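Visitor: These came from TrEMBL, pasted as-is:
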SIGNAL    1-32  signal peptide
TRANSMEM  284-306  transmembrane segment
TRANSMEM  348-374  transmembrane segment
TRANSMEM  380-400  transmembrane segment
TRANSMEM  421-441  transmembrane segment
TRANSMEM  453-476  transmembrane segment
TRANSMEM  505-531  transmembrane segment
TRANSMEM  537-564  transmembrane segment
TRANSMEM  576-595  transmembrane segment
TRANSMEM  607-635  transmembrane segment
Amino acid sequence: MRPTAMLRWPAAAAALALVFLLLIAAAPPAAAFYLPGVAPNDFQKKDPLQVKVNKLSSTKTQLPYSYYSLPFCKPDTIVDSAENLGEVLRGDRIENSPYVFEMREPKMCQIVCKATISDKQAKELKEKIEDEYRVNMILDNLPLVVPITRPDRDDVVFQGGYHVGVKGQYAGSKDEKYFIHNHLIFLVKYHKDENSDLSRIVGFEVKPFSVKHQFEEKWNDANTRLSTCHPHANKIIINSDTPQEVEAGKDIIFTYDVGFEESDIKWASRWDTYLLMTDDQIHWFSIVNSLMIVLFLSGMVAMIMLRTLYRDISRYNQLETEEEAQEETGWKLVHGDVFRPPTNSDLLCVYVGTGVQFFGMLLVTMMFAVLGFLSPSNRGGLMTAMLLIWVLMGLFAGYASSRLYKMFKGSEWKSITLKTAFLFPGIAFGIFFVLNALIWGEKSSGAVPFSTMFALVLLWFGISVPLVFVGSYLGFKKPAIEAPVKTNKIPRQVPEQAWYMNPAFTILIGGILPFGAVFIELFFILTSIWLHQFYYIFGFLFLVFIILIITCAEIAIVLCYFQLCSEDYMWWWRSYLTSGSSAIYLFLYAGFYFFTKLQITKLVSGILFFGYMLLASFSFFVLTGTIGFCACLWFTRLIYSSVKID
């Protein structure tokens, strides 16, 4: 095969892949909002509607708490909803509530209960109001939202959940007081079937108010007549002019209104309100920015492979005498050392195996998400899927690490298997355990219970570890990957390198472009995680992921080629670290995001942020490093198999 024929296809394949993925990203995401097979609930008039309560959440603390940890009204019996693994890890705690509606039956000034606040409860309420905690509720699997009109853009945006209360001052006073939102005006939007009396819920909104209720007669639970809220006496709450202050020993009366509004929105599109992205242009800017980087790198790779390498290979193959060969310089001179096993080759095998595991997990998860199998209506589905796919991908981790280990002439395959099965999961579990202990110390519902922790360990030891062993056994049984050239017994001395070929410099430079290709999309991902917003533009994300793969591969190949031309054959670890160093920039960007976008003030919350981002950055290092390494391994095998070695 001619060198040009063998070296021309990567650029063309990259171009075809980008065109294909642009078509995927441009496809409307609305078709991917629901799990196939999920059936809607139909309600007749006066059918009971059960409102469920979820965790209290705050972007200032990142510590969720159970709804009933505050002195809200309780039903006769509190019933926990069964949560999946992802929901538990997210801190969701879904329970029943005393709010019960009847379909298409509006109600006004409904009393839920009267609660007397103790000193401890008043203190807890004030703390939650200070930390801007929000109450999350669910009706027919739809989360509760608060509509907010933006005057600058004359449109309505929706925020998940309503604030527990607000801080404010009485007129003429400078003292700050805490006021609780004790009157809720719910709006249930429904889509009515044209041919029957059945309706489907397509929206669940609330407007919270703080009202100091008064009653004229003796208190008689729900039958008490309120003087501050009575529809027949034209006493309807439309503002918080007489707010309910949080004071120890004082009574708080909780009330609500519920209204129903027919909507043209169909059930299949009811999540559009929650997932509507008003900044599609920024996503497209992100894609164009990433594509520019890819095209720049692709141009460099094409130039190297189609011109420089073709010229090199042709010249090397035309050398007739040994004297001519010895006079030559460049990458051919190190052919006797280029496939010499590196130092700490065992660790490299483990990292590559773990990287393959990550790559497989992300690829499969994203394909499921693009096809619509991981809808946000299935709370915790994404995290559950990622964990299960990670465990199953242990098979490929073991296979990849053992194949590379055998190529390095290793013989203790069980040792490398144990390291692959325990190194990264052990580090991740250790960080997770420490962070979980901190959450336990704060008495937050976000702390993973012992039973879930046991389930995670069971997944690790019961499924992942055996699969790594199976993959490792299968990989070690196969014949070793043969190097295209023989390795000399005596290592060649590496000549002194120019300053710009210093390993630390090239490694740090190499990480900039992969990070630059994804950092805009990274902003949206961090916002969805830490500011509790929905992220469901998986078409964009899948495209950015492919761009990341191409960028990592190309920057690693370009710098590897320059390194070999400088007669430095120690490329194994450097190829891994070149693209893997993008994780350093990810962690630095996370720090920038923390100080510029978040309002976290608690020490524990800050430790949680940086702990989880450290884990995410380490994972990103393993993923991008493996992509760069595999690209360089393919590249070096390709070019050295294309020249005649005497």
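The backbone N, Cα and C atoms fix where each Cβ goes, and this holds for glycine too.
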Visitor: Take the transmembrane segment (576-595) and find every residue of the same chain, 6 or more past its ends, with a Cβ under 8 Å from one of its Cβ atoms.
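Guide: 348, 351-352, 506-508, 510-512, 514-515, 519, 522-523, 526, 530, 552-553, 555-556, 559-560, 606, 609-610, 613-614, 616-618, 620-622, 624-629.
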Visitor: Tell me if the transmembrane segment (421-441) touches the transmembrane segment (453-476). I count contact as 3 or more CB pairs below 8 A, with pairs 6 or more residues apart.
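Guide: Counting Cβ pairs under 8 Å, at least 3, so yes.
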Visitor: May I ask for the residues of the chain that lie six or more residues beyond the transmembrane segment (505-531) and have a Cβ under 8 Å from a Cβ within it?
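Guide: Counting only partners 6 or more residues beyond its ends, the transmembrane segment (505-531) has Cβ contacts under 8 Å with 59, 62, 282-283, 285-286, 289-290, 293-294, 297, 499, 537, 540-541, 544, 547-548, 551-552, 555-556, 559, 562-563, 574, 577-586, 589-590, 593, 597-598, 609, 624, 628.
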